[in-house]
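Features reported for this protein in TrEMBL:
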BINDING   R31, H36, E42, F43, P44, G45  8-oxo-dGTP binding site
BINDING   G45, E65  Mg(2+) binding site
DOMAIN    11-136  domain 'Nudix hydrolase'
Amino acid sequence: MVAAHHLSSPGHVEVAAGLVFHQGRLLITRRPAGTHLGGLWEFPGGKREPHETFEACLQRELREELGIEVEVGPLWCTVQHEYPEVRVQIHFYLCRWRAGEPRALGCAAWKWVDRRTLRRHRFPAADAQLLEQLVQTRKVWESAG
Ligand SMILES: Nc1nc2c([nH]c(=O)n2[C@@H]2O[C@H](COP(=O)(O)OP(=O)(O)OP(=O)(O)O)[C@@H](O)[C@H]2O)c(=O)[nH]1
Ligand SMILES: [Mg+2]
């Protein structure tokens with residue numbers, strides 16, 4: 001009973017999220033109102049399903065949320081964060097946009113931002129350090145995508 005409860009616990013989730021670059025810009029999406037952290041901007045992605053790799057999860061989530069195809073590149077970082085409602089472990093992958101004009105299928109909005117405009121958007125607390133690194137790492141904006 002205890003083990004089964006633990007396995008099905010909604011308290012801990014594993015997430016893959018994409019740093020999707022194209023022509024020096026980065027794709028961000030807005031979480032729908034009424035969801036966890038609704039209204040904040042984020043890097044598109046979502047929860048990994050059982051037996052799914054993080055790369056496959058990310059490709060699926062980007063199709064579902066935006067209708068785009070990407071090439072998943074190297075892992076940029078992994079972040080753990082405890083929200084009052086849930087403990088998340090998020091794997092952020094560098095990606096290149098490949099096909100499909102983004103559409104707001106599973107998000108409230110989307111936009112391409114550059115190194116200067118990224119910081120004008122409010123993101124979840126878990127993303128704070130990553131945002132700082134991205135803004136400081138000039139070459140990732142120049143080379144990726
Ligand atoms: N995708 C994404 N999730 C993030 C980021 N930062 C962050 O704290 N999270 C949290 O990580 C979890 C991701 O789950 P999600 O809600 O995107 O999952 P999902 O797309 O599978 O949604 P669903 O469960 O409604 O199908 C949420 O609790 C979300 O608030 C981020 O930059 N990108
Ligand atoms: Mg999601």
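Glycine is no exception: its Cβ is also placed from the backbone N, Cα and C atoms.
TrEMBL feature annotations superimposed on the structure.
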| residue | record | contacts (Cβ under 8 Å, 6+ apart) |
| --- | --- | --- |
| R31 | 8-oxo-dGTP binding site | L37, G38, G39, L40, W41, E42, C107, A108 |
| H36 | 8-oxo-dGTP binding site | Y83, E85, V86 |
| F43 | 8-oxo-dGTP binding site | A17, G18, L19, V20, L27, I28, T29, F92, D127 |
| P44 | 8-oxo-dGTP binding site | A17, G18, V20, L27, I28, T29, E61, L62, E65, L66, C107, W110 |
| G45 | 8-oxo-dGTP binding site | V15, A16, A17, G18, C57, L58, E61, L62, E65, I90 |
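Maximum intra-site Cα distance, 8-oxo-dGTP binding residues R31, H36, E42, F43, P44, G45: 14 Å.
Compute the center of the Cβ atoms of R31, H36, E42, F43, P44, G45, which mark the site for 8-oxo-dGTP; besides them, the chain residues with Cβ within 8 Å of that center are A17, T29, G46, C107, P124.
When Cβ atoms from all protein chains are considered, those within 10 Å of E65 (Mg(2+) binding site) total 21, not counting its own.
Cβ neighbour count for E42 (8-oxo-dGTP binding site): 19 (other Cβ atoms within 10 Å of its Cβ, all protein chains included). Taking H, G and I as helix, E and B as strand and the rest as coil, DSSP gives the domain 'Nudix hydrolase' (11-136) the counts 28 helix, 54 strand, 44 coil. This prediction places the mean pLDDT of the domain 'Nudix hydrolase' (11-136) at 97.
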